[in-house]
Amino acid sequence: MQGKVRIGVMGAAGRMGQMLIRAVGEAEAATLTGVTERPGHAWIGRDLGEAMGGPARGVTVSDDPLEVFAGADAVIDFTTPQATLANAALAAQARCVHVIGTTGFTDKEIAALEPAQRHSVQVRAGNMSLGVNLLTLLTRKVAQALGEDFDIEIVEMHHRHKVDAPSGTALMLGEAAAAGRGVAFADVADRGRDGQTGARRRGDIGLAALRGGDVVGEHDVIFAADGERIVLRHLATDRMIFARGAVRAALWGQGRKPGAYDMIDVLGMRD
Ligand SMILES: NC(=O)C1=CN([C@@H]2O[C@H](COP(=O)(O)OP(=O)(O)OC[C@H]3O[C@@H](n4cnc5c(N)ncnc54)[C@H](O)[C@@H]3O)[C@@H](O)[C@H]2O)C=CC1
Ligand SMILES: O=C(O)C1=N[C@H](C(=O)O)C[C@H](O)C1
């Protein structure tokens, strides 16, 4: 029998980092070989299990990502755009699968992720759940079927700690709706209205972000016409859906050709 896939987790103390550690532990085919936190974090140098308030696990929290890449077949990264950009170069160097869940990249930062895709398998998605990825396919189909008599608005709500807006998921849904209409999302995206905005432009895709409490992640894609409205909705109530998706991507990436992939590839839903 082949050995287990060695997985590293970046940002171990984060909301998602802790879920990812649990999800790697649940996966029979995987073993956790290393974790990082940002330099200066209180967990650095401590045993991961003890830092999480449990028994020792024999994995020390490191602030050196290269060390974790060197000992892993796949690294899962839900941190910050800056950290993920640096990690992409290390993934290329180590020929390691890099699963990126981080959101909030600028277009320039997304372009800066590309060179690493020549040498490493890079799986990136603003949402790693099965439900949301299925929703992107539905959104594309509905947008294609309905045309511009239906105004498309995407509304998302997340917990009070979220630092980027609109959410990565909202952007995925916006891209899907634009693709269904055969237009470039950048040309039609209306990201946040305030003041004398003027009437809604036909064909625009509007995005609105709400923040509050402990909301894990909620997304509505609204198709609004005269006299009727269709709402496609995804409600996340447990971050483990994202973590399990990320571990699935890390395992799926083994032995693949270097390149850029997303969760539609991982889930085998590309048509
Ligand atoms: N794609 C998906 O399915 C999902 C994506 N996300 C995204 O994941 C990211 C993280 O979200 P949360 O866990 O809620 O945030 P968080 O702030 O709780 O966790 C981020 C962690 O990364 C650590 N970190 C920052 N810089 C680092 C560095 N240089 N090296 C190592 N660790 C570093 C932080 O100290 C923190 O512990 C966000 O961009 C969020 O939008 C969140 C949930 C699902
Ligand atoms: O920051 C979060 O929490 C989430 N971020 C992702 C996003 O930006 O869409 C995915 C999920 O909605 C939770």
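Just so you know, glycine gets a Cβ as well, placed from its N, Cα and C.
In TrEMBL, annotation is done automatically, which means it is predicted and not curated.
Packing around His158 (active site, proton donor/acceptor) is summarised by its Cβ count: 25 other Cβ atoms lie within 10 angstroms of its Cβ, all protein chains included. Positions annotated as active site, proton donor/acceptor by TrEMBL: His158.
Under the heading active site, proton donor, TrEMBL lists Lys162. Non-local neighbourhood of Lys162 (active site, proton donor): Arg211, each in the same chain, at least six residues away, with C-beta under 8 Å from its C-beta.
For the recorded site, Glu37 (NAD(+) binding site), the DSSP three-state label reads coil. Counting only same-chain residues six or more apart in sequence, the Cβ atoms lying under 8 angstroms from the Cβ of Glu37 (NAD(+) binding site) belong to Gly11, Ala12, Ala13, Gly17, Trp43, Ile44, Val61, Ser62, Asp63. The NAD(+) binding site annotation in TrEMBL covers Gly11, Ala12, Ala13, Gly14, Arg15, Met16, Glu37, Gly101, Thr102, Thr103, Ala125, Gly126, Asn127, Met128.
With a 10 A radius on its CB, Arg38 (NADP(+) binding site) counts 16 other CB atoms from all the protein chains. Taken from TrEMBL, the feature NADP(+) binding site covers Arg38.
In the three-state DSSP reading, Thr169 ((S)-2,3,4,5-tetrahydrodipicolinate binding site) counts as helix. Sequence-distant neighbours of Thr169 ((S)-2,3,4,5-tetrahydrodipicolinate binding site) (same chain, 6+ residues apart, CB-CB distance under 8 A): Thr103, Gly126, Asn127, Val132, Glu156, Gly217, His219, His234. According to TrEMBL, the (S)-2,3,4,5-tetrahydrodipicolinate binding site annotation covers His159, Gly168, Thr169.
Residues or ranges marked as domain 'Dihydrodipicolinate reductase N-terminal' by TrEMBL: 5-128. On the 0 to 100 pLDDT scale, the model's mean across the domain 'Dihydrodipicolinate reductase N-terminal' (5-128) is 98.
For 131-267, the entry in TrEMBL reads domain 'Dihydrodipicolinate reductase C-terminal'. Look at the domain 'Dihydrodipicolinate reductase C-terminal' (131-267): DSSP puts its residues at 51 helix, 39 strand, 47 coil.
For Thr102 (NAD(+) binding site), the spatially nearest entry among the recorded positions Arg38, His158, His159, Gly168 is Gly168, judged by CA separation. Other C-beta atoms found within 10 angstroms of the C-beta of Gly11 (NAD(+) binding site) number 25, with every protein chain shown included. Taking Cα separation as the measure, Ala125 (NAD(+) binding site) is nearest to Gly168 of the recorded positions Arg38, His158, His159, Gly168.
Summary for the binding-site residues Thr102, Asn127: the Cβ-based neighbour count within 10 Å is maximal at Asn127.
As a summary of secondary structure, the domain 'Dihydrodipicolinate reductase N-terminal' (5-128) carries 46 helix, 29 strand, 49 coil according to DSSP. Neighbour count (other Cβ atoms within 10 Å of the Cβ, all protein chains): 15 for Arg15 (NAD(+) binding site).
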